[in-house]
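Here's the structure, in C-alpha cells; my notes come after.
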Amino acid sequence: MNAMLETPELPAVFDGVKLAAVAAVLYVIVRCLNLKSPTAPPDLYFQDSGLSRFLLKSCPLLTKEYIPPLIWGKSGHIQTALYGKMGRVRSPHPYGHRKFITMSDGATSTFDLFEPLAEHCVGDDITMVICPGIANHSEKQYIRTFVDYAQKNGYRCAVLNHLGALPNIELTSPRMFTYGCTWEFGAMVNYIKKTYPLTQLVVVGFSLGGNIVCKYLGETQANQEKVLCCVSVCQGYSALRAQETFMQWDQCRRFYNFLMADNMKKIILSHRQALFGDHVKKPRSLEDTDLSRLYTATSLMQIDDNVMRKFHGYNSLKEYYEEESCMRYLHRIYVPLMLVNAADDPLVHESLLTIPKSLSEKRENVMFVLPLHGGHLGFFEGSVLFPEPLTWMDKLVVEYANAICQWERNKLQCSDTEQVEADLE
C-alpha cells in the first residue's frame, strides 16, 4: 500500500520540461526584441571638411547615443509597426491653411501651410518644404508631430498632400501620385518662392518623399535656388534594386510588401471613377488597364506594372523604376545633404545602403547617418516601455537645419567682414 502511495518521478521531469519551455520563450523574446543589441551613436559617413566639422560640433545628436525604449525599442519591426499603426503618441494638432494648385493636366494639387510659432534662431525667414511618405499627407500623426516641433523652432512649414492620398479630396484628372513624380512638389516650392520672396528653404522628405525631394533637386540646378539644405529620411534610393529585396521573406519584407500593396489598392479603387471611368478622357497608356489584375495584386510591383507606370506612359516597369528613382540624380545635388537610414529598417535592405555610403565618400556636401535602431520612420525615444511624443528623427532634422542656417549666417558674416576690410584697404 505504501509503495502505491509513493510519489512518482514524473513531476520532476515535468518541471524540467516547463523550465526548458520558459527558457525557450525567453530566448525567443530576447532574440525578437533584440535586447542584447547595444546602444551607440549613429555611424557617420562623410568627408572631412569645414562643414562636416561644424556639423559635428553643432549637432550633438550626431555623436550621442540614440537610446530607444528599453523593452521594445531595439526591434526594427516593432518600431516600424508602431509608426505604421500609431504614428506618434500624444500627437499635437498644428493649425494650418490648405492651398490648392491646378496643374497643367487638370490635376488639383494640395498642400498645407503652417506659420512659425517663434522666431528662428538666426532671425531669418526659413520655410521647410516637406514631402511625406507613400500615400501620406499633412494629417498623418508623424507629420503633425514634426511640423509642430519645427514651428516652435521658428520654421514655416509647407506639407505636400500626395495626389489622391487625402480621402476627402477628389481627383480632377486621371492621375495620382507615383514613386518619383516631382510635379506637385515643384508646384508647392514655386508657390512658396513666389509668395515669400525673402524666404530660404529647407527641403525634407520622408521615405518615398525622400526619393521625390532628392530627384527634384537633382533634376535642374534652378530647383536648388534658395535651398539651404536637404534632409532625406528612410528612403531606398533605387526602386529597381529594391524590387528584388521586396519579394524576399528576409526581415518579413514580403509581408510588408503585401500590406503596402493592399493599402495602395484601396486608395486606387477609391478613385476608380476618376481614374478609369468611361466618362474620363484617359491617356492612351491607361486604356488597356485590367482592373481584375489590380484586385488580385499582392505586391507593389504588380500594382506599379499594371497601373502606376501608365500614368506617365512608361513602357515597362524597369523603365519606370529607373527614371523615377533619385539614384541617378543624387550626384547633381550641391546643397548640404543629410541622408538618414536605420540599420534595422525592415523595408530597406542593407545592400541599398551602399548608395548613400558611396555618395558620401565622393561628395563633401553629403553626410550619411546610420543609427543601429529606429526601424522605418520610428526612431522612438523613451525610458522603458512608453515612448516620448518627440522622436530622435524629429530632433535631428531640426537640429541639422538649425546648424546649416547658422553655417550660412557665419559664411555671410565672414564675407561681409572681408568686404569691409577690402574697402578699407
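Note that Cβ sites are derived from N, Cα and C of the backbone, with glycine treated the same way.
Residues or ranges marked as domain 'AB hydrolase-1' by TrEMBL: 127-382.
Within 10 Å of the C-beta of Ser207 (active site, charge relay system) we count 23 further C-beta atoms, all protein chains included. Taken from TrEMBL, the feature active site, charge relay system covers Ser207 (among others).
Neighbour count (other Cβ atoms within 10 Å of the Cβ, all protein chains): 26 for Asp345 (active site, charge relay system). Per TrEMBL, active site, charge relay system is recorded for Asp345 (among others).
The active site, charge relay system annotation in TrEMBL covers His376 (among others). The Cβ neighbour count for His376 (active site, charge relay system), using a 10 Å radius over every protein chain in view, is 26.
Confidence over the domain 'AB hydrolase-1' (127-382), given as mean pLDDT on the 0 to 100 scale, stands at 94.
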